[in-house]
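Here's the structure, in structure tokens; my notes come after.
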Amino acid sequence: MGNKQTIFTDEQLDAYQDCTFFTRKEILRLHGRYHELAPHLVPMDYTNEPDCKIPLALIVNMPELKENPFRDRIVESFSEDGMGNLSFNEFVDMFSVLSEMAPRELKAIYAFKIYDFNVDNYLCKEDLEKTLNKLTKEELTPEEVELVCEKTIEEADLDGDSKLSYADFENMITRAPDFLSTFHIRI
Amino acid sequence: AKNGIIVLKRPLGTSSDSNSDSDEEEDSMSEGEMARLMEEVEEKKKLIATIRNKPWRMKRRLVLLREAQQFVDKFEGALGKGKGRKWYAYKVMMTKKWIKFQRDFENFRTACIPWERKIKEVESHFGSSVASYFIFLRWMYGMNLVLFGLTFGLVVMPEVLMGLPYGSIPRKTVPRAEQDTAQDYSVLMDFNGYCKYSVLFYGYYNNQRTIGLLKFRLPLAYLMVGLGTFGYSLMLVIRTMAKNADVGGGDGDEGEFTFAWKMFTSWDYLIGNAETADNKYASITTSFKESIVDEQENQKDENIHLRRFLRVLANFLITCSLGGSGYLIYFVVKRSQEFANRDDLSWYEKNELELIMSLLGLVCPPLFETIAELEDYHPRIALKWQLGRIFALFLGNLYTFLFALFDEVNTKLEEEGSIKNASIWAMKEYYANFSLPVNDSDATPPPMDPGDVILGPCWETAVGIEFVKLTVSDIQVTYLTILIGDFARAVIVRFLNYCWCWDLEAGFPSYGEFDISGNVLGLVFNQGMIWMGAFYAPGLVGINVLRLLSSMYYQCWAVMATNVPHERVFKASKSNNFYMGLLLLVLFLSLLPVVYTIMSLPPSFDCGPFSGKEKMFDVIMETIDLDLPAFMGTLFSYAANPGLIIPAVLLMVLAIYYLNSTSEAYQNANMELKKKMQMVSKRICGVPSDEDFNQEEPKKQHRQHQPGDEGPGGPAAQSLPGPARPAGAWLVSSRASCRCGTPETGTDQPPALSLWSEQRNPRSLKENRPRPEAEPPGRVLTCRKT
């Protein structure tokens, strides 16, 4: 395994390995992917931690995200400015949370953020409606959408405020047998 | 003071700007301070180990990590003051080296995992359910590779390198009568001729107690490897099941969160292909519509009596066909025994047994599915019944085959008695005839040519040959099925479509689907056969490794080139452990015949590593007597005493009972806590504070709460400070165990065989094709709308 790479210092690579679920080779590969999204913008040499961000529009064109109906929300939840511009740190963070090895609790937190379209820390009816419409490409009638959102809130809402707080969401999602296998992106 | 922690005096020799006593060498820290400092250092170390699990921004993590590492480095030295300093420093250094080694090893291990790209491609086209079959295949391949290494390294290689070569003793030589046909292709294909007298089979191995310079004890190694194969497989399967049990996610009712789960967990994030995505949208929409309809409609009263009658009828028919297939196999095995005595056999007659078994495995499942139409179950329940029946079919076939094989073995054993006498007689005759022409009675006659010695009917090799032939024909049938059933079909549909009256792609026969359950079951049973046969044919594991390797490439190609994403298939079961549990069951079932033969059947008198002994496990007795010191022999004889074994078994039974009742108690406690939680949260509408979601810079004070976070939630709560807990109400919610520490490479997890409901949008050459109204005919394990 090459010790000759000059993209990161060894300390940086060790730190990344401690902070994410990736191995050294995967981190270097991620950097390669990040670079090829915007070759003129992203420097090859990261040893002095340059501060560059790739805009949302370029990131959602990645083959892994291209077909995902929630791609915009995913990138936004991992970006610091909330607008979807990711630095390399955030890029790595995103794929680390979505990788196979991330634990259920961590994924649940980010899933909540992704589905929370208006970023108010609750999944209210509008959030659910938007989610449903994205999932079905708006093929359901408004009555059906209404019914489904009501049923969802009825099922998961524990504290009775007609919206889902993180507690409700987590309680519901940790029982879901499919959650870990579907909330997973392989990079 | 950083983080509110007292800065202690620096180690001797460094300049210090703290107050007082920098020159004293003895520890001027009190015990309390020392203990607290140690605690802080431990805490920091724990933070470093679990930092990847925290839901913080990356920048924050990096900063905190650096701080924590600096703190640990600085004060670990300080703690080493006093008497144990050198030892402590050494310990610290070794720990660091060990961590680095672990990390390098993890990196290396992950780099070694094969076929990542291939699986990713399959995933993005077909979703996680189909890909889970390939992940399972890869896991099997890994296990078989280890078994192959064991067998090859400890049994085959020593015999080849240090044992006697081919042709030196009777068991290693093709008998004179067969020698001129021994190289024929047809004979080799039957695993007779040179194949039979090679390292592939049991009969080749010599029974010398030690061989070569190193005094390698081959018979002992053979027995140990045979048993060790099962031990290793058992350990691996159980370890994987335990790992998956965490992931399973537990004990919610099926109907509890239908809509919520559909909304939040139905989209498969692995999909990267536009067409698959379209299919997925369509299937999600359909699934929602169905649930809405279910919700709105009441179940109509149907004619219960008719339904019950139909179900009984269906079960009766299926039991009949199971019985029929069992009898057919028995009949065919009997016939093959008769054939063994004839010589003029056609190809069909020679391979009849294996062909029939494989064909049954191919024809019966669709038959069961058709009969199951009568039953009119919910698709998920129907799928479970179907899987159960296929399992019963395979099991029944395998065991009938085994029983018939045992009959054959017994016949051979009887034969052995007479051949033994015949061969001793022939040997005497040979020596007698030799001394006649030569008058010099002192000359010793040359030993009889090995090709002339009459060999016994080595039953172990015969059994090994049967298993190898079965495996090979299974492979052939599987590959042919894929070639014809999938590839030829796809080619026909694609090219005939231009000139056919109806749309072949949308109607009958259309493209095939990938039959996940059938393939997984096939894999499981194939492994069962390998486990059974490996003791009698050490080469079988090698054949299986090759088979799995080629299967991977072949099936990946086939699925990408000829299959379409699924019509509706429902989940087989909630947890990933369903197929692992099946594998475990098959492991036990294949262990039984092997252990039975080791314990009770006498080995052949003139072939194999146990020839000459009364029972195969006598080798162990011999080793204990001769190789181990005397006291161990007495120790083992005490251990084998029933007076000791029966209490041990009782103790284990009691332990199981105890663990069972404590686990029930825990479950009850869990239920109570859940109820309390619901009550409390309804009273106080707990709201998580906003700060923890929107933290941008590291908040140092936050860290000090960590040890206190270990409330009633235990380890699960500790891994994530996350949103602040309201009144401790829902700490218990995440049942899953803490995921701190070394990352798991989840790639050796077996199938996430959860299959969501989807409707096929047929792949079509023509654009904007309307969805077909007629239901396409079901293949194995596809479910129709009820």
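Each residue, glycine too, has its Cβ placed from N, Cα and C.
For reference, TrEMBL has these:
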- B:1-32: region 'Disordered' (REGION)
- B:20-30: compositional bias 'Acidic residues' (COMPBIAS)
- B:145-166: transmembrane segment (TRANSMEM)
- B:220-238: transmembrane segment (TRANSMEM)
- B:312-333: transmembrane segment (TRANSMEM)
- B:353-374: transmembrane segment (TRANSMEM)
- B:386-406: transmembrane segment (TRANSMEM)
- B:529-549: transmembrane segment (TRANSMEM)
- B:578-599: transmembrane segment (TRANSMEM)
- B:635-659: transmembrane segment (TRANSMEM)
- B:688-786: region 'Disordered' (REGION)
- B:760-776: compositional bias 'Basic and acidic residues' (COMPBIAS)
Stretch-level contact, the transmembrane segment (B:386-406) and the transmembrane segment (B:635-659), CB cutoff 8 A, at least 3 pairs: no
Beyond the flanks of the transmembrane segment (B:312-333) by at least 6 residues, Cβ under 8 Å: 352-353, 356-357, 360, 364, 367-368, 371-372, 374-375, 389, 392-393, 396-397, 400-401, 403-405, 407-408
CB contact flag for the transmembrane segment (B:529-549) and the transmembrane segment (B:635-659), at least three pairs under 8 A: no
Spatial neighbours of the transmembrane segment (B:353-374) far in sequence, C-beta under 8 Å, 6+ residues away: 310-311, 313-314, 317-318, 321, 325, 328-329, 332-333, 336, 382, 385-386, 389-390, 393-394, 397, 401, 466, 469-470, 472-474, 476-477, 481, 518, 522, 778-781
